[in-house]
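Visitor: Below: one structure in structure tokens.
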Amino acid sequence: MSASSETTVTSVSSLGNDVAVDQEKEERRYGCLGGNRYIVLVIGLFFLSFMLSSIICYNASYVSMVNLHSSPYWEDFIKSNKSIDEINWNDPALPLSQRRFAFDTAQKSLGFAAGFLGAIAAVVPMSRLTARFGCHKVMTLSGIFGTVLVLISPIVISWSFPVFLVLRVLQGITLANLFTTAGVVVNEWAAVNEKGLFISVLSAHVEMGAVFTMPVSGALATSAGWPWVFYLHGAILGALTILWAVYYRDRAVKHPFVQRKEWRKISFGKRLNQVGKGANDTPILKIVSSIVIWGVWIAVIGNFLVSQFSISYAPIYLRGVIGCTPTEAGLLTLIPMACLLVIKFSTGFFSDRIKSISDLTKMKMFNSCALLGSSIFFIILACSSPGRSKVLDVILLSIPMALLGFSSGGYSKCAVMVSGQYSPFVMSIVQIIACSSLMAGSFLVPALTPTDSFSEWQRVFMVYGAVLAITNTIFIVFARAEPAKWAQQKGDLTLAEAVMGCEQKPVESVTDPESGVSRNI
């Protein structure tokens with residue numbers, strides 16, 4: 001080969017190296033060091049959390065809204081011989097922050113349950129819309145809708161309670177897609193060896209919302225007035241909706257910041273025929289006839305029946321039985337929720353990395369720690385009369401609530417592992433069951449605790465203990481750790497394999513001027 005030919009090849013090779021270096025620099029600059037999936041994970045967690053918080057902020061501010069002792073009319077009521085119903089606590093002449101409400105048991109239950117009723121009714125339509133238009137568009141519109149509804153809630157509830165119930169049902173529509181969205185994000189953005197982490201983080205949106213809403217709402221309602229609880233949650237949800245709309249993409253490969261190296265990690269091990277599965281491709285009959293999936297759904301009943309206590313009734317119990325102020329009740333509720341989040345995140349992290357125990361054993365172990373452990377401590381709580389030590393009372397209440405964090409390594413992971421690419425559909429049914437359990441708790445607990453005495457709450461705790469033990473037993477019997485037959489895929493290249501195959505093709509060549517032979521670079 002002549003000197004000129006060697007020079008040509010050398011110069012082209014040098015150019016190729018320069019291009020590779022430039023691409024590497026660009027990936028470092030715009031690829032967020034290969035961590036875009038974690039940014040999506042964090043945004044998804046906070047967005048889903050405040051979608052839920054926009055609903056439960058009413059539950060958190062309820063204590064202040066019905067606290068008639070703080071009304072300007074309380075002293076006049078004490079001096080008069082009138083009954084509570086004869087006083088207009090919601091007098092239009094008062095500022096919104098000073099208005100109070102004398103709700104009866106039916107109104108109390110309906111106010112809590114209406115949002116979950118709306119969510120149950122909207123799960124199937126929202127799942128269809130998500131399958132057709134994608135999570136990005138559907139959840140962006142849900143966030144905008146939810147922001148407007150939570151901002152107008154104080155005015156509506158002061159104007160008409162029946163209209164407020166309609167508003168709560170409409171708010172429930174924004175809840176209908178939370179678990180489906182979590183399933184989609186796990187499928188599209190989690191690497192195969194990171195699914196446990198993604199599941200634990202995204203499923204924590206229930207507790208994350210409560211961790212913020214309960215203490216902040218209690219303090220804000222006491223200091224600035226209960227309407228500001230709704231205004232604050234509306235402002236935060238609006239900001240997170242904008243962040244979701246700008247940064248999230250339905251497909252990781254279409255994200256402008258996801259570079260080739262990160263996309264390989266995300267796509268490794270995922271089959272080509274997994275992509276583009278719509279609602280019509282889902283084997284619904286096979287899924288609903290799977291005893292393993294039914295075991296997961298039954299475990300959801302126990303978990304979320306008790307979660308209703310954590311996000312709605314714990315402050316009421318602390319105030320009515322333990323004797324805490326509304327602010328103290330909100331702050332003390334933070335303790336078990338914070339512990340639950342630590343347990344949930346740790347469970348997701350270690351469930352992916354512990355290799356000495358089989359996946360099935362890990363799922364059964366974590367699920368038993370969550371449901372059976374919580375069952376045992378609720379029974380202990382029911383047998384322990386409060387009053388001897390407020391600190392001990394709060395600890396006993398916190399333990400069963402915190403133990404539910406282990407569920408992220410139990411039924412939640414089982415649902416994704418067994419259903420594979422069809423996990424969004426399975427999670428949509430989880431959404432229906434979760435909301436049904438929350439709605440059932442909205443009627444069950446007020447019916448069992450009309451005066452908020454400890455003897456009444458004993459019955460609630462015994463019901464919780466029994467339901468948790470039964471649902472955990474059913475899950476343990478039928479749990480599996482491998483994909484179901486209808487979720488198994490054979491004979492297809494993975495996405496990463498397909499890309500690597502394409503990359504093996506010559507992308508550029510140089511021709512020797514003397515011999516006329518082309519050489520690949």
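Note that Cβ sites are derived from N, Cα and C of the backbone, with glycine treated the same way.
Bear in mind that TrEMBL entries carry predicted annotations, made automatically and left uncurated.
So TrEMBL lists the following for this protein:
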- 37-483: domain 'Major facilitator superfamily (MFS) profile' (DOMAIN)
- 38-61: transmembrane segment (TRANSMEM)
- 109-126: transmembrane segment (TRANSMEM)
- 138-159: transmembrane segment (TRANSMEM)
- 165-185: transmembrane segment (TRANSMEM)
- 197-216: transmembrane segment (TRANSMEM)
- 228-247: transmembrane segment (TRANSMEM)
- 291-311: transmembrane segment (TRANSMEM)
- 331-351: transmembrane segment (TRANSMEM)
- 363-382: transmembrane segment (TRANSMEM)
- 394-412: transmembrane segment (TRANSMEM)
- 424-449: transmembrane segment (TRANSMEM)
- 461-481: transmembrane segment (TRANSMEM)
Visitor: Restricting to CB pairs under 8 Å, which listed stretch, 38-61, 109-126, 331-351, 394-412, is in contact most with the transmembrane segment (363-382)?
Guide: 394-412
Visitor: Taking the transmembrane segment (424-449) as reference, which of 109-126, 165-185, 394-412, 461-481 has the most Cβ pairs under 8 angstroms?
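Guide: When the Cβ pairs under 8 Å are tallied, 109-126 comes out ahead.
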Visitor: Per-residue pLDDT averaged over the domain 'Major facilitator superfamily (MFS) profile' (37-483) comes to what?
Guide: 85
